[in-house]
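The block underneath contains the structure these notes are about, expressed in structure tokens.
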């Protein structure tokens with residue numbers, strides 16, 4: 001019973017095929033394409049893949065992209081299922097005012113992070129950081145309740161906003177410096193420090209609320225860019241959403 005996990009973000013579609021819809025299942029194949037190229041999946045990357053028995057994905061890219069992805073999966077006789085945030089799943093309690101409005105990628109990443117810690121015998125508060133087109137910073141207490149989270153622009157959105165609203169800021173991407181002395185470095189450093197500062201603030205908030213410092217897990221396509229500038233101890237995990245999808249699938253598709 002092979003299992004296909006899908007993570008459809010704002011920029012790319014990432015996929016991973018596993019031997020089974022179970023935690024710890026062997027990874028058989030994986031890949032990623034930009035959204036403008038998803039219409040080639042059935043003819044290219046997925047054409048030689050063994051047909052999956054189960055498909056589960058999370059998507060934040062909107063209904064038009066979802067339809068295009070679904071069309072590509074018509075080469076298999078399998079109906080994909082999509083994660084919608086719920087009041088509770090896989091041991092995580094959703095503290096959002098309207099649970100279904102929480103982004104599916106945020107929900108799945110938190111489930112992945114929570115179980116990653118539990119598998120190591122760690123039952124502590126946790127901060128989950130996703131660095132992509134947008135940046136999210138989530139807080140989970142030791143009991144597994146999602147307390148709340150923040151959303152801020154990613155590096156690219158910050159720079160484009162400044163370029164469109166300020167004359168003379170169409171400059172090349174710079175480097176992160178403690179004390180930038182040119183506009184390129186000033187812009188890149190400012191965006192990086194804004195994200196790092198948001199994470200630091202959420203760490204302080206949850207430490208005060210829970211009475212102990214949290215674990216911090218970071219993921220996302222641009223997570224590596226943040227790594228050198230983080231002021232808190234963290235773990236960088238590329239596969240966090242796939243980890244969460246496996247946790248959910250192991251329950252939904254249990255024999």
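Yeah, the Cβs are placed from backbone N, Cα and C, and that goes for glycine too.
Of the listed candidates (93, 133, 136, 166), Swiss-Prot assigns 133 to the same ATP site as 7, 8, 9, 10, 11, 12, 13, 14. Taking Cβ-Cβ distances under 8 Å and a sequence gap of 6 or more within the same chain, the neighbours of residue 96 (substrate binding site) are 85, 102, 146, 148. Across the structure, residue 106 (substrate binding site) and residue 9 (ATP binding site) place their CA atoms 11 angstrom apart.
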